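These notes concern the structure reproduced below.
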Amino acid sequence: MTYARIQGVGSYIPQQILSNADLEKMVNTTDEWIMQRVGVRERHVIANSPDNTTTMAVDAAKRAIEMAGIDPAVIDMIIVGTATAEYYFPSTACLVQKHLNLREDIPAFDINAACAGFVYALSIADQYIRNEGAKHILVIGVDSLTKVVDWKDRSTCILFGDGAGAVILQAHKEPGILNTILHANGDYSDLITAKSGVWERESVPHLHMYGKEVFKLAVTKLGEIVDEIIEKSGLKQSDIDWLIPHQANLRIIEATAKRLGLPRERVILTIEQHGNTSAASIPLALDAAVRAGKIKRGDTLLLEAFGAGLAWGAALLKL
């Protein structure tokens, strides 16, 4: 049996840091209030730097390729999960292909599942390796949500940071991705929006979110999907070594960990330093944990994410 196994990870975050103390000067908020409500102390932001969605994706990809120890010429697919592409078209994936000078006989495309984008992209890549003969796939999660937040809205501007994370998936006989599950419900599409499309747009697109409703749904749906994927994989909660959640809200993360019976020290947390980086949050957290020596080859990881759409998903894998 052929598995898709993570061979290398990489990430990138902008240099500029926006702290809660900085936000206290911009909106009516406090460090104590932000930490208590969401668990964010600081976030990295593009601001006026030369960084953008494409450059961050490229830098994260380079680091993943370096860790994987592969020749970039062997990459036979690029999938980018992002909701904040630099352009309507071309895709971010094609721009990454250009900057990495990858060969042309490969598919490269973006998918938009907002904060769940990386898990969606990972699931698609897994199927291409299992069923279509792909050998090395570059999967990236990247977003620049600080470019669409309303800096006068204290309920949302405190949440988000910018960044990118990437993995190299390689076809392997040893177990890698065991299962993925993806769900969506468009009936809740108005709960998180940023209207910048062709047909309906704001002069300056801003992210709007009904936070209380999103919180309740996230706790419920993530709890259900982690139970579903563990059962589908024939495992027990005690088999999970690490939970790597989407870093959206500390209270949501704690609720999922409690449902799994996982102590806090078995949960990878970067929300305090990164904020919510949308599709980048899971690969950013994974990269940080691998490079810190926390997560090791053979560990069983549960990834889960929830975002606009509403779209949510989970992946269970052996590193």
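Counting starts with 1 at the first residue shown.
Placement of Cβ uses the backbone N, Cα and C atoms for every residue, glycine included.
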Region 'ACP-binding' range according to Swiss-Prot, out of 42-46, 127-131, 247-251: 247-251
Residues of the region 'ACP-binding' (247-251) by DSSP state, where helix covers H, G and I: 2 helix, 0 strand, 3 coil
His246 (active site) versus Asn276 (active site) - Cα distance in angstrom: 8
Positions whose Cβ lies under 8 angstroms from the region 'ACP-binding' (247-251), at least six residues beyond its ends: 37-39, 115, 159, 215, 218, 269-272, 274-277, 281-282, 284-285, 306-307
Which of Cys115, His246, Asn276, the listed active-site residues, has fewest other Cβ atoms within 10 Å: Asn276
Spatial separation of Cys115 (active site) from His246 (active site) - C-alpha basis, Å: 7
